[in-house]
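One structure follows; several queries about it will come next.
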Amino acid sequence: MTKTFYVTTPIYYVNAEPHIGHAYTTINADFLARWHRLDGYDTFFLTGTDEHGEKIAQAAARAGKAPQQFVDEVSAKFKNAWEILHISYDDFIRTTEPRHKKVVQRYLQEIYDRGDIYYGEYEGLYCVGCERFLTEKELVDGKCPDHGVEPERRHEGNYFFKMEKYRAWLRDHINKNPDFIRPERYRNEVLSILSEPIGDLSISRPKSRVSWGIELPWDPDHVTYVWFDALLNYISALGYPDGERYKKYWPAAQHMIGKDILKTHAVFWPTMLKAGEVEVYKHLNVGGHLLAEGRKMSKSLGNVIDPFEWSEKYGPDAVRYYLLKETPYGLDGVVSEEGLIERYNADLANDLGNLLQRVRTMVLKYSGGVLRRREPGETESAVVREAAALPGRIRGHVQALKFNQALEAVLAFVRSLNRYINERAPWKIQDPEDRERVLYTAVEGLRLASVLLEPAMPVKMAELRTTLGFETLTVADVEGWGGTPDGHRIPADAAILFPKIEQARTSGDAGKLKAEPEATAPVAYEDFAKLDLRVAEVKSVEKHPNADRLLVIKLDVGGEERTVVGGLAEHYRPEELVGRRVVLLANLKPRKLRGVVSHGMLLAAEGADGTLALLEPGREVEPGSKIS
């Protein structure tokens, strides 16, 4: 029987346009959906928009539009945003759709008929931004902690859901199912909320005050409170109560949310399901916030990041990879354009892209583009063992929501392939069969990596496979070694998959990033003369504590000691470098590379196969000597 997997994002509120928080949650959900499809699951991925409520009506009025016109326009922007970011949703639910309204009214009527909804008068402090009443205890200096405004005092009659009735049941359910809410810190937060009375939940607003909503089926003078409407999308999209999707995918739901809507999904939603006698979802997976410069993003601080602008400049797969790799799911993460460029260059351009280019070049050069299937020898055994274990390791990381560790495990494998190529040096091998064995091993490793990285970079990994002559693959296709057939042909022509990106340093273009130009324009002698090139002697070399491909190199520059960080670990063993005289660009602005400050740069030449060779003086020259 085919395994099923159901993953959802929140449905996003359409009082504003898509932003990086929406993108981050949706990319994480898409990663899960894509992985499970590749791993053989019958997968259903739901996203959508939440389109009712007082805030929507107010935003539409400010825009001079009818609410339906307003939500149609903003909802379309979310669809367009997800197309840009390669989001592979299976359904896009809108709460203004008839299929959703029908389920909401039916569900409300069922709970009302069971006696779990009653009418009551209420007076309290109401926040329009939250669209709910707040307690005095929730306020900070008399203001809503989320919106920074003083709530309004309101008195009105509403319908209430008997949420308190289910508090003990929910607390017991969470305790019996420790992975119901993940990560654990959020589970503990919810248990703390449930340690005290939670009260009953107001589920309606008088139509005389808020008309933009779904009418209560037993009282058309009231509309449904936005959360009691919105949360039901997770089953309305499946065709609750008797649709085929509902029977197939519920309750094995994985809800992906941001921590700002924890209470609604961890308290409101499960009690609503229990009251409706519907089995509760499987997991609530809670993500952290993305911070800019260590602070929450806001327009007033001028630090709001536009992921769609990034996508236009660097490509959506680069943005997806960066957001997934940089921040452990569940924690707050600091993101920046500079961070994106460093991650892209280190992992994608240098490690993966360089390996692909080297391997393609050698297969075309030495084998005419035809790959011969050779059984692995003793020197290939470590690569083969690592490849065999990798899919299972990735599967475990994904199930534990450790997406960043899953990606790092694949990149570690890519780096090991680079080291294998450097150690075996196929350009030096005289035996054609042995050289073919090395090239086959490298291509087979890249084939595996392309599948395991596909959930993060679906378009780029499809392109990678195309450059190697492969088509669509699944995890099952790469779990055994040797899937590339004998005589497999590598296409002769292919564009560079990940062209390196450089950061413009000029004062008039500070912070902007651009693709490295393919050709360099002539420079004036005066510009060249500004470079301080010196001979330096390597005194010691250590591996970088935070990056496998980097070395930390201590230099003697004529009595002055310098530390430089260079991407040479795949090309030289540390002991090979000690005592060498090398060429140093000495007046390069110091730069921190993965936590270590580099004071200069060593010059190297790159061969056609991607190997680096350090430049050295042709004769004995003292350290510190100037090069001109």
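Cβ from N, Cα, C; glycine included.
Any TrEMBL annotation is an automated prediction that lacks curation.
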Could you check which of 296-300, 371-375, 391-395 is flagged in TrEMBL as motif ''KMSKS' region'?
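Result: 296-300 is the stretch TrEMBL calls motif ''KMSKS' region'.
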Which stretch, out of 1-11, 12-22, 320-330, 419-429, is listed as motif ''HIGH' region' by TrEMBL?
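That would be 12-22, the stretch labelled motif ''HIGH' region' in TrEMBL.
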Over the span of the motif ''HIGH' region' (12-22), count residues by DSSP class, listing helix, strand and coil in order.
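Its residues fall into 3 helix, 2 strand, 6 coil.
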What same-chain residues, at least 6 away in sequence, bring their CB to under 8 Å of the CB of Cys144 (Zn(2+) binding site)?
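Result: Cys127, Gly129, Cys130, Leu134, Glu138, Glu150, Pro151.
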Taking the center of the Cβ atoms of Cys127, Cys130, Cys144, His147 at the recorded Zn(2+) site, which other residues in this chain have a Cβ no more than 8 Å from that point?
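For the Zn(2+) site, the extra neighbours are Val128, Gly129, Arg132, Leu134, Pro145, Asp146, Val149, Pro151.
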By the count of other Cβ atoms within 10 Å, pick out the sparsest of the binding-site residues Cys127, Cys130, His147.
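Output over binding-site residues Cys127, Cys130, His147: least Cβ neighbours within 10 Å is His147.
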